[in-house]
Amino acid sequence: MTSTFNPRECKLSKQEGQNYGFFLRIEKDTEGHLVRVVEKGSPAEKAGLQDGDRVLRINDVFVDKEEHMQVVDLVRKSGNSVTLLVLDGDSYEKAVKTRVDLKELGQRQKEQGLSDNTLSPVMNGGVQTWTQPRLCYLVKEGGSYGFSLKTVQGKKGVYMTDITPQGVAMKAGVLADDHLIEVNGENVEDASHEQVVEKVKKSGSRVMFLLVDKETDKHHVEQKIQFKRETASLKLLPHQPRIVEMKKGSNGYGFYLRAGSEQKGQIIKDIDSGSPAEEAGLKNNDLVVAVNGESVETLDHDSVVEMIRKGGDQTSLLVVDKETDNMYRLAHFSPFLYYQSQELPNGSVKEAPAPTPTSLEVSSPPDTTEEVDHKPKLCRLAKGENGYGFHLNAIRGLPGSFIKEVQKGGPADLAGLEDEDVIIEVNGVNVLDEPYEKVVDRIQSSGKNVTLLVCGKKAYDYFQAKKIPIVSSLADPPDTPPDSKEGIVVESKHDSHMAKERAHSTASHSSSNSEDTEM
């Protein structure tokens, strides 16, 4: 069957500052990573790329089932040359329709890459190929996790072995020869065997591993591709966040929202019997992670109330119960990442607040004759009564967090922050490769003032293309921090008067010790 399809290997090379001359896209109701708008005379055209081609492999890494932003990232990280294995559009659609194993196409027998004739690890009765790191949560049974740790001569790192059949580790998704990347959110790739053993022992009766399987690990080592923790699969975790969709009734949604004391964030309380909240599956003590697709983990009470109000007569909450919250905290992962790959019952995909563009040019920005003085910005923010006044967003699979919805007249606006600014440093620490939740934590722990080194989109692309490190010395000195007395909310279009005004179905009660709002 596979012999009727002939994938093509296209080797593209470009000059520094030049682009490859094509767009890499995902399109609605169309499968695969599509090649579009191949420019005449470009490296892409010279290499044989054609409009409608589907990309199967990048530098011999199979990418057909990977998330689009990861595929884009692989091309960008290839520098000035990249090898693409592509299949023309008609052949691709026929191959998908006849269920041809696309991974086998174009494989040369002499290659010693991933073995396509060997069954992938079997999980829950089906064949599962792991192409990304995965989180595995283990809770001891009978004083044992059901695995051992080993080191391999000539190889860096610690690996899983002696997996007990039907034991805790096996049930959690651990495979023999898995490479251990993290223990409870801490990277252990450079740790010794003894250090890793000690970390597992100190973890007590539960532990969270970030693992990658043997074949994928080998391939990433050969291709010198670094794993990004934010691309980890969450599918094996036993507890997951819940998306609760509600329509407002005559008496509101039927629950109270309270600021947590021991538990950070906003907590669901006092759900009315028969209310929209109860019928939708909301539970007492649920922690609110996101409102209508927007993270609220860093927001204060009134800001979250305002975001729910903005939804009108319906709202969507991403919530976690205490057990799920504790599990994600152990992994040092934000439950908000669940949004970014979650498939909903109707088949649609719940995207992150900053959705992947449908059209992405895979290139370094072309040189222009126009001279632009590209500079990063050093912005000093003094927290207002209710926050800094901006959203912090991230896209799964891409480095960096970026600014969205800067509130006019707020601390962020007055300090010079703008929508789409990429955060480079927080208080002098480079956070470009740090995951979203860690950047949030750095800003939260800054107290009443924070200094951000940011870069506008065009300037960021320019520095990346020229391979110029973005450092604070390139920026102009910051202005004096703005007056912190203004009541502006972090990550919310907030009116401090409206948040405390009683609506027909919403009441807000605030004191120095607690905040409690009926929804």
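Glycine is treated like the rest: Cβ placed from N, Cα and C.
Note that the structure is a prediction, hence the values are computed from the model and not measured.
Pulled from Swiss-Prot, these are the features on record:
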DOMAIN    9-90  domain 'PDZ 1'
DOMAIN    134-215  domain 'PDZ 2'
MOD_RES   SER148  phosphoserine
MOD_RES   SER192  phosphoserine
DOMAIN    243-323  domain 'PDZ 3'
MOD_RES   SER250  phosphoserine
MOD_RES   SER334  phosphoserine
REGION    347-374  region 'Disordered'
MOD_RES   SER348  phosphoserine
COMPBIAS  357-367  compositional bias 'Polar residues'
DOMAIN    378-458  domain 'PDZ 4'
MOD_RES   THR451  phosphothreonine
REGION    473-519  region 'Disordered'
COMPBIAS  482-504  compositional bias 'Basic and acidic residues'
MOD_RES   SER492  phosphoserine
COMPBIAS  505-519  compositional bias 'Low complexity'
MOD_RES   SER508  phosphoserine
MOD_RES   SER510  phosphoserine
MOD_RES   SER511  phosphoserine
MOD_RES   SER512  phosphoserine
MOD_RES   SER514  phosphoserine
Fill in the CA-CA distance, SER334 (phosphoserine) to THR451 (phosphothreonine), as an integer in Å.
23
Please figure out which one of 9-90, 134-215, 378-458 racks up the most CB pairs under 8 Å against the domain 'PDZ 3' (243-323).
378-458
At the Cα level, what's the spacing in Å between THR451 (phosphothreonine) and SER192 (phosphoserine), rounded?
36
Taking only the Cα atoms, work out how far SER250 (phosphoserine) lies from SER148 (phosphoserine), in Å, as a whole number.
58
Tell me, how many other CB atoms lie within 10 A of the CB of THR451 (phosphothreonine), whichever protein chain they belong to?
17
A 10 Å Cβ contact count, applied to the modified residues SER148, SER192, SER250, SER334: which residue has the minimum?
SER250
Using C-alpha atoms only, work out the spacing between SER148 (phosphoserine) and SER192 (phosphoserine) and round it to an integer in Å.
15
Summarise the model's confidence over the domain 'PDZ 1' (9-90) as a mean pLDDT value.
86
